[in-house]
């Protein structure tokens, strides 16, 4: 089936919107190759002739039965508006902050504490296969721990995101999971020890931004060591990739404070 054949009456599409980023609309008239406009019916009841060409048709909206899927790869149409809409529905309506995209876990920062990280939740995910339960940082940690124990091979979890996305907190929960399921005894609070292991870098390598009062200007590599019984025996943290471009000028808006820049100025006094 040609792509153009999907743009038939009653199907829905996403069109750009300056306020909502993407806005849903229903196709009011079948599209035919060569048409210059696509007749749409907006959700407020108004009609719109939307300019199109065969190479830039608006992205199709997924059927309602797929809205709120816990894995983005299950969507019929996977594109920016579909991803954003699915995440919004799960976060705003279902109060769920985690969503899978295959083996990738997408996390929405709720900017508040949630009761989903206790020991009972940890034990519920322990021993489970990824995908058997709702998406969670513990599911990712369990998969890495299980693969390490089963195959005796090192595992890596990459936590990425923009300033204020919750990377440090996500890493803390993953380390808490490892400490609990490995029954590491005195290492039960290994995440606190690791995160407190580099106060000097934290002091001069962070900055205040509009989204985060304590935003790191560097990457962190945390290595956790396990013994033959898969119990934690140690951990260390190293930092890298200092954002030099952020320490030589002050960004906009003016409340962006770069502590490294202040340190450089103090050396010149």
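The backbone N, Cα and C atoms fix where each Cβ goes, and this holds for glycine too.
These features come from TrEMBL:
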- 8-62: domain 'Myosin N-terminal SH3-like' (DOMAIN)
- 67-269: domain 'Myosin motor' (DOMAIN)
- 161, 162, 163, 164, 165, 166, 167, 168: ATP binding site (BINDING)
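Feature annotations (TrEMBL) mapped to structure.
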{"residue": "161", "record": "ATP binding site", "Cβ within 10 Å": "12"}
{"residue": "162", "record": "ATP binding site", "Cβ within 10 Å": "11"}
{"residue": "163", "record": "ATP binding site", "Cβ within 10 Å": "14"}
{"residue": "164", "record": "ATP binding site", "Cβ within 10 Å": "15"}
{"residue": "165", "record": "ATP binding site", "Cβ within 10 Å": "16"}
{"residue": "166", "record": "ATP binding site", "Cβ within 10 Å": "19"}
{"residue": "167", "record": "ATP binding site", "Cβ within 10 Å": "19"}
{"residue": "168", "record": "ATP binding site", "Cβ within 10 Å": "14"}
In the domain 'Myosin N-terminal SH3-like' (8-62), how many residues does DSSP assign to helix, to strand and to coil?
-> 0 helix, 25 strand, 30 coil
Give me the mean pLDDT over the domain 'Myosin N-terminal SH3-like' (8-62), rounded to a whole number.
-> 93
